[in-house]
Amino acid sequence: MNAPDRYERFVVPEGTKKQLHRDENVLFAGYKLPHPLQYKIIVRVHTTSQSSPMQAYNQAINDLDKELDHLKIAFEV
């Protein structure tokens, strides 16, 4: 990609947020980048009593990883 590195900072948190929204136990998922020159991400996840925010976040990361692996394989063929 020809865009500056700063645009890539949104890929992981935005993908993770969208993956969290697919989970029925997640009530709220969001993130913010407090300052554009610092690579610091603040993530906020609210869940039902069925799941903890950490469990939901870890599951979202694992699901996103599987989805990206599938996409990589699809483009290699």
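Counting starts with 1 at the first residue shown.
Each residue, glycine too, has its Cβ placed from N, Cα and C.
Positions annotated as domain 'DNA-directed RNA polymerase RBP11-like dimerisation' by TrEMBL: 17-72. Counting residues per DSSP class in helix, strand and coil order gives 25 helix, 13 strand, 18 coil for the domain 'DNA-directed RNA polymerase RBP11-like dimerisation' (17-72).
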For this session: Take every residue in the domain 'DNA-directed RNA polymerase RBP11-like dimerisation' (17-72), average their pLDDT values, and give the whole-number result.
Result: 93
